[in-house]
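Single-structure report; data block below.
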There are 2 protein chains.
Amino acid sequence: MSPSLSRNEILTTFTIFGAGVAIIANTFQGDGNPIIASLAFSGVAFSSTYCLIRWLGGAFMKAGFKGKDMSKLRKVEIPETMGAVCAVVYLLVIIVFIPFPFYKDIVAATSGGGNRDFVLEAQQVETGRFLHRFPHNKLAAYLSAILSLQSVVILGLGDDLFDIRWRHKVLIPAFASIPILIVYFVDFGVTQIVIPTPLRPYLGELFNLGWLYYAYMAAFAIFCPNSINILAGINGIEVTQSIVIASLILVNDLLYLAPFTPHPHPAEDAHLFSIYLLLPFLGVSLALWCHNWYPAKVFVGDTYCYFAGMVFAVDGILGHFSKTLWLLFIPQVFNFIYSAPQLFGLVPCPRHRLPHFNARTGLMEASVASFERPLRRPIQEAMKLLHKLSLLDVKTNKEGVVVECSNFTLINLWLVWFGPMREDRLAMGLVAMQIACGVAGLFVRHRLALLIFTADNL
Amino acid sequence: MSPSLSRNEILTTFTIFGAGVAIIANTFQGDGNPIIASLAFSGVAFSSTYCLIRWLGGAFMKAGFKGKDMSKLRKVEIPETMGAVCAVVYLLVIIVFIPFPFYKDIVAATSGGGNRDFVLEAQQVETGRFLHRFPHNKLAAYLSAILSLQSVVILGLGDDLFDIRWRHKVLIPAFASIPILIVYFVDFGVTQIVIPTPLRPYLGELFNLGWLYYAYMAAFAIFCPNSINILAGINGIEVTQSIVIASLILVNDLLYLAPFTPHPHPAEDAHLFSIYLLLPFLGVSLALWCHNWYPAKVFVGDTYCYFAGMVFAVDGILGHFSKTLWLLFIPQVFNFIYSAPQLFGLVPCPRHRLPHFNARTGLMEASVASFERPLRRPIQEAMKLLHKLSLLDVKTNKEGVVVECSNFTLINLWLVWFGPMREDRLAMGLVAMQIACGVAGLFVRHRLALLIFTADNL
């Protein structure tokens, strides 16, 4: 990867950057529309990230953030952890964005703690609320989201630096979710859920989950980043799945703000919030995608996976649509459940479960775990059953003992199903499935939810 | 440094940790006093940092964070950037601390954006305000302080990893101060200052600085971290000066909350805020101090200097006592002005300006800059004048041309004044001066401020 940009790249990125800055400067005058500003910020984020990834690649390699791509014939070293660049640009952008939706026209004039000779009366110049303008009291929620994202970046960098053990790694998002949970507790504190209609005779209409609600949110925040981190390992897969999920959440958000939706919709604020978080995320992710798609010129690092997953987690928690989000994570949920036998040690787990690169054909093949000692009987039977259901590839010796099986990951399963293929075809197939599952999920959410709830919000 | 703690250390740290947790658990019941909780959290922060520094030293060295202490006879490698441990523990503690001062008893019940079949009316159960309980609307300010601190940690880590150039480094705190300035703008927005009495006939009682006020705050935020970062280089000096400054700010805060102060004082909230930020800072800094004081077993890294400076900067900005803070930074201000000729290139600046370790005597001596070509005439004359004023050591050749001078840092000047001494004596001398200047500064602030302002707040 050359650190200097081509003429074309310079032209494109600088145009996007310039246009973004111009729009932002324009929006700031008068009562601009924050969504336009957010779009402009995303353009700025995209172009900055694009250039920075190129310029900083060398510095990252010098600092030891580098790795070899094992699925290529020429195994050259390329920069690692470039997701950190995305994350830092993203954080800067959403911090600078704060005044656009949250600015309040209240002049609360005091000269502060220093020498308060005069205390002016607070003049509450409440101008009417505009569409797309947030209530100011949601500022704390927005700040807590940024805090959680910054925390995950700090801890993710720690992970990329120190090679933390798997069982400690899993808890990184748990620590990072503390700010958002604490501010939720302090600022909002609603732990009631709406009960589906069939269960209402027994539980009532609302049910207070209490601390269980916090446990649920923490579990959700732990799941999102880790699930992206384990559906990983081939060029572009981490970024592309994140882009797909973000886009589908955006579609869902837009359904609440579209002209055909009755206005003002009670969930409008929550979905605006989500849009403001996601647009710049798409900006930085696309810039990373350009460098990480097959053949990858940089690696994303664990930092990116944690960061992307945490963006979705805070989005779902503060936007109160975590149930909908599960529907967009179907491949990740499947991959997690499918991986469980190896993650929890029922089946021996090799150090790496990435698909195997066949240097002769140039294609990716399902990687396998071999067993020197025979596994316990019931586990062998279960594996044979999975084999019959086309959910696993299993090799037995002449005595019928399982000696080898494909590794328990969705990526390997895809290769079991469709045979060896080139790395980019593999990634495209998985992404197509992610899109299909997500669209189906959204359909279920908006068309079938009425069967168990009294009202959809559309 | 052995990674395992001695019996005594285990006993002490675990006792402090246990006591802290017990007090916190107790405080959380009922309407506890947040200051007690803050003290307990600081104990927890101290003991956790103490143990983590020991346990993680090896991992830091393995990740490349290590350096040789050039001022010792045996130049062994010791862990670098251990300030990052302090910063992460600190951030976790002040995030977990949020509910103690900010919890509000308002039940604003909505089931959120997901399925809002029911919207309960917000019941505003405003219980009376207790002393030591913050107004809830200051939550955003507190969160913005944490955001700025997290930003400086992320950027500081970048500095320690990538060896950023000096002229870019200076701007790290500027970027990190963006969150606090933006939230100040959105949430508070007061840019008026009180005019000293003698100037009132000309300027009025209050003067609106407008955007200049933000420029001032940014400059303040840039100064604090960088000034600590350049008064550095001998064992323990960075941490000890930070501990002294933090303690003096605490003394100043307590003056506003003491029983003899008229209650309720208008600046009470601002100074409580300051105490909540400083107590855990003292906790983590003391733990670092135990390992960084002469002979150092770990280095603090730029991360610590930025982090400590930023704690003071956000404290001064949000507590509205930045003017007072300048008085506690007198040695740093002097060191900065004194360094200027070398920093801005008037006098050639060698790569390192640390004092020189004389291996024969075991003492530190003032380091020198030698000039191959004669300097410009007026600069030579200025240096000779400084020499006469005992503010510089200068060597001339027989023609009277300056060929060598001591480096322009406060640490070297101290050695010029008092002669070679051991590293810990040098650090102690500088710290004693820091204390003396700070106490004098506070005296000026509270006894002499009335000469130019109509009211002191005491």
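Glycine is no exception: its Cβ is also placed from the backbone N, Cα and C atoms.
Any TrEMBL annotation is an automated prediction that lacks curation.
As annotated by TrEMBL, transmembrane segment applies to A:12-29, A:35-61, A:82-103, A:139-158, A:170-191, A:211-232, A:239-258, A:270-291, A:303-321, A:426-444.
Beyond the transmembrane segment (A:270-291), the same-chain residues lying 6 or more positions past its ends with a Cβ under 8 Å from any Cβ of the stretch are 1, 34-35, 38-39, 41-50, 53-54, 82-83, 85-87, 89-90, 93-94, 97, 101, 132, 134, 138, 141-142, 145, 236, 239-240, 242-243, 246-247, 249-250, 252-254, 256-257, 297-298, 300, 304, 308, 311, 314-315, 318-321. Of the candidate ranges A:35-61, A:139-158, A:170-191, A:239-258, A:170-191 contributes the most Cβ pairs within a distance under 8 Å of the transmembrane segment (A:211-232). Counted over residue pairs 6 or more apart, the CB atoms of the transmembrane segment (A:303-321) and the transmembrane segment (A:35-61) come under 8 Å in fewer than three pairs, which marks the two as apart. Remote same-chain residues near the transmembrane segment (A:170-191) are listed as 140-141, 143-145, 147-149, 151-152, 155-156, 158-159, 164, 208-214, 217-218, 221-222, 224-226, 306, 309-310, 313-314, 317-318 (criterion: CB distance under 8 Å, separation of at least six residues from the stretch ends). Counting only same-chain residues 6+ beyond the ends of the transmembrane segment (A:139-158), those with a CB under 8 A from a CB of the stretch are 81, 83-84, 87-88, 90-91, 94-95, 98, 101-102, 164, 172-173, 175-180, 182-184, 186-188, 221, 225, 273, 276-277, 301-307, 310-311, 313-315, 318.
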